[in-house]
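What follows is a set of notes on a single structure, which appears directly below.
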Amino acid sequence: MLSQTNDAFFTRSLADSDPEIFGAIEKELGRQRHEIELIASENIVSRAVLEAQGSIMTNKYAEGYPGKRYYGGCQYVDIAEALAIERAKKLFGVNFANVQPNSGSQMNQAVFLALLQPGDTFMGLDLNSGGHLTHGSPVNMSGKWFNVVSYGVREDDHLLDMDEVARKAREQKPKLIIAGGTAYSRIWDWKRFREIADEVGAWLMVDMAHIAGLVAGGQHPSPFPHCHVATTTTHKSLRGPRGGMILTNDEEIAKKINSAVFPGLQGGPLMHVIAAKAVALGEALQPSFKDYAAQVVKNARTLAETLKANGLDIVSGGTDNHLMLVDLRKKNATGKRAEAALGRAYVTCNKNGIPFDPEKPFVTSGVRLGAPAGTTRGFKEAEFKEVGELIVEVLDGLKAANSDEGNAAVEAGVREKVIKLTDRFPMYGYM
């Protein structure tokens with residue numbers, strides 16, 4: 001009897017073992033296949049990445065680092081982590097990489113733990129200007145444990161106010177300055193940030209979670225050699241599994257980072273995720289990834305130009321990377337209402353505050369749109385022009401209806417067009 005139970009444990013499919021979870025996954029697969037994904041922080045991973053993340057590496061505990069584990073039997077997971085480290089170093093041209101952080105928040109926390117003490121002062125981009133929660137938001141640990149000095153964008157053009165950065169740095173003498181964000185669509189001047197950091201004796205940390213794939217693909221300047229340390233997620237524009245990574249050229253910082261990640265913040269790393277990170281980093285080292293990164297930027301610019309041509313304002317006037325913030329006020333819409341209407345039309349995005357937004361954070365005056373997932377799917381400029389026109393069609397219908405319920409007829413018509421478009425670009429056909 002026990003033998004039969006064991007056989008079932010190792011052989012029963014998910015569909016047989018847990019039909020409720022299987023059903024949810026099947027519905028999510030259908031959603032991803034038929035909807036246009038425009039959330040800037042999302043992407044679509046390869047079959048190889050999926051296979052690595054769903055592998056038997058999930059069974060293995062491996063506290064420590066390759067060659068220095070606190071558990072036995074780590075010789076093969078060591079291979080996976082060593083490959084991830086070496087590929088990360090090669091991809092970004094750095095001397096040290098830690099691939100163990102489980103998330104973007106944890107990678108940033110690890111840098112704080114390595115370089116700061118509670119109560120120290122650091123600077124980061126204000127959340128309302130396109131920063132991240134972990135860059136000092138008062139609701140986040142980073143804003144509770146440290147003295148945070150935020151900088152922002154100029155009100156007239158929504159570009160980074162580097163004069164404000166320099167002035168506040170001189171006044172407040174931060175120990176760390178963070179450059180990088182989640183909703184800033186222009187090129188970052190890493191050199192100027194480093195000059196300011198050096199002037200006040202601060203570390204410069206770059207959070208390139210959103211643009212790492214563009215950096216790797218040659219479409220955005222690298223933060224190295226300007227920054228002391230850089231963090232990035234491995235999903236988003238890198239097209240890997242969800243997780244984090246920390247990079248540096250400084251051996252002393254690398255030692256502090258390693259100690260901060262383990263044992264400072266985490267115990268056993270997720271070896272199946274690290275294996276998948278290695279696969280994604282290997283993919284990003286291929287020549288075709290540069291073509292992908294270039295197409296992402298072309299597609300984002302096409303989408304922004306299409307929306308502008310149809311009467312919408314793009315924050316800062318356009319985009320140099322993979323994303324844009326769309327100011328909806330000319331269409332008399334809020335981000336909350338637009339996100340829901342576009343969702344009903346099978347276009348997925350997220351409501352997002354715009355700089356100096358008069359609306360509440362859960363309502364907002366804008367939406368954030370991104371090109372990475374659609375580009376992975378195979379969309380090029382023609383498809384993103386069509387996507388932009390479909391977005392405008394939904395927003396115009398929403399304006400005409402002037403209701404939270406939206407315009408059912410318009411949304412149904414757009415939904416049919418979206419399905420026709422996505423059917424031309426199938427994904428995961430083997431499933």
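From the backbone N, Cα and C atoms, a Cβ is placed for every residue, glycine too.
As given in Swiss-Prot:
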| type | residues | note |
| --- | --- | --- |
| BINDING | LEU127, GLY131, HIS132, LEU133, GLU252 | (6S)-5,6,7,8-tetrahydrofolate binding site |
| SITE | HIS235 | site 'Plays an important role in substrate specificity' |
| MOD_RES | LYS236 | N6-(pyridoxal phosphate)lysine |
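Other C-beta atoms found within 10 angstroms of the C-beta of GLY131 ((6S)-5,6,7,8-tetrahydrofolate binding site) number 23, with every protein chain shown included. If you take the Cα of GLU252 ((6S)-5,6,7,8-tetrahydrofolate binding site) and the Cα of HIS235 (site 'Plays an important role in substrate specificity'), they are about 27 angstrom apart, rounded to a whole number. Cβ neighbours within 10 Å of HIS132 ((6S)-5,6,7,8-tetrahydrofolate binding site), excluding its own Cβ and spanning all shown chains: 23.
Look at HIS132 ((6S)-5,6,7,8-tetrahydrofolate binding site): DSSP puts it in coil. In the three-state DSSP assignment, the secondary structure recorded for GLU252 ((6S)-5,6,7,8-tetrahydrofolate binding site) is helix.
All protein chains shown were included, and the count of other CB atoms within 10 Å of the CB of HIS235 (site 'Plays an important role in substrate specificity') stands at 26. Geometry remark: HIS132 ((6S)-5,6,7,8-tetrahydrofolate binding site) versus LYS236 (N6-(pyridoxal phosphate)lysine), CA distance 15 Å.
Looking at LEU127 ((6S)-5,6,7,8-tetrahydrofolate binding site) and HIS235 (site 'Plays an important role in substrate specificity'), their Cα atoms lie 21 Å from each other. Cβ-based neighbour count (10 Å, all protein chains) for LEU127 ((6S)-5,6,7,8-tetrahydrofolate binding site) stands at 23. Cα spacing between LEU133 ((6S)-5,6,7,8-tetrahydrofolate binding site) and the residue listed as 'N6-(pyridoxal phosphate)lysine': 17 Å, rounded to the nearest whole number. There are 28 other CB atoms within 10 A of the CB of the residue listed as 'N6-(pyridoxal phosphate)lysine', with all protein chains counted.
Between the alpha carbons (Cα) of GLY131 ((6S)-5,6,7,8-tetrahydrofolate binding site) and the residue listed as 'N6-(pyridoxal phosphate)lysine' lies a span of roughly 16 Å.
In the three-state DSSP reading, HIS235 (site 'Plays an important role in substrate specificity') counts as coil.
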